[in-house]
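According to TrEMBL, the protein carries these features:
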type     : residues : note
TRANSMEM : 6-24     : transmembrane segment
TRANSMEM : 36-53    : transmembrane segment
TRANSMEM : 59-80    : transmembrane segment
TRANSMEM : 92-112   : transmembrane segment
TRANSMEM : 118-137  : transmembrane segment
TRANSMEM : 149-172  : transmembrane segment
TRANSMEM : 178-201  : transmembrane segment
TRANSMEM : 208-227  : transmembrane segment
Amino acid sequence: MMLLSVAAAVYLAQLSLLLWVAYSEKQFHHYTAAKAATSAGFLLLALLAWLTGSRSLGPRFWLLFGAMVLCAAGDVLLGLANNGRGVHSKTFLKGLVAFGLAHVVFCLFYAALTPPGWYDLLLPLALLAVTAALSKRGLLRLKKLKRPAFCYCFLVGLMCSMAVSSVAVAGLRGPGNLFAAAGSVLFLLSDSIIIFLYFYIRQNRWMRFANLTAYYLGLLLLALSAAF
């Protein structure tokens, strides 16, 4: 566990560096590289947690890891969009698709532990309704990304709902489920913020900080869940 703790500390240092780059006008051209390095960090953490932990996840680990690989791909694509043509570019759409696929695989990861129920649809439908209402009122500038954004909101909510359900159904046996569920909740928080970060009619500087922090801490917890 000492090695895993050191790796987690290095990862947090990477996150701090990424946040500095994100808010530095002189260094922002390194944003994609900084995101890629931090994302590589959570992939290495997940592998290290798996190799040094109890391996109680069994084959489910590869679903978790596969979803995280897709997240890393999405990170790079969104970084390129930020350093390039922006939100309404094809690169951004590809990043959104990568994250959408990641959420599908995360859902499969949770479904392998506890089968989904009708109640898992409540949160995603609520998120979809809120996003649609904000878009209709002109508070979100989704343009061509309207349908992809709606699909993405649904998948984000479904992933979080299934994560919480897995804890409720499987119980509090060991910290692994709790880490994974907490990571998914932070992921939901991050994705809720990202809608406003990129599409809200008014931009606030704190949003990028909140989005990146919630996202990368969520991935940290998901990676560490593989150790238990």
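Glycine too: its Cβ is placed from the backbone N, Cα and C atoms.
As the structure is a computational prediction, the values presented were derived from the model and not from experiment.
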Please figure out which one of 6-24, 92-112, 208-227 racks up the most CB pairs under 8 Å against the transmembrane segment (149-172). 92-112
Cβ under 8 Å, sequence separation of at least 6 from the ends of the transmembrane segment (208-227): give me the contacting residues as numbers and ranges. 1, 4, 8, 11-12, 15, 18-19, 22-23, 38-39, 42-43, 45-46, 49-50, 52-54, 57, 61, 64-65, 68, 71, 175-177, 179-180, 182-187, 189-191, 193-194, 197
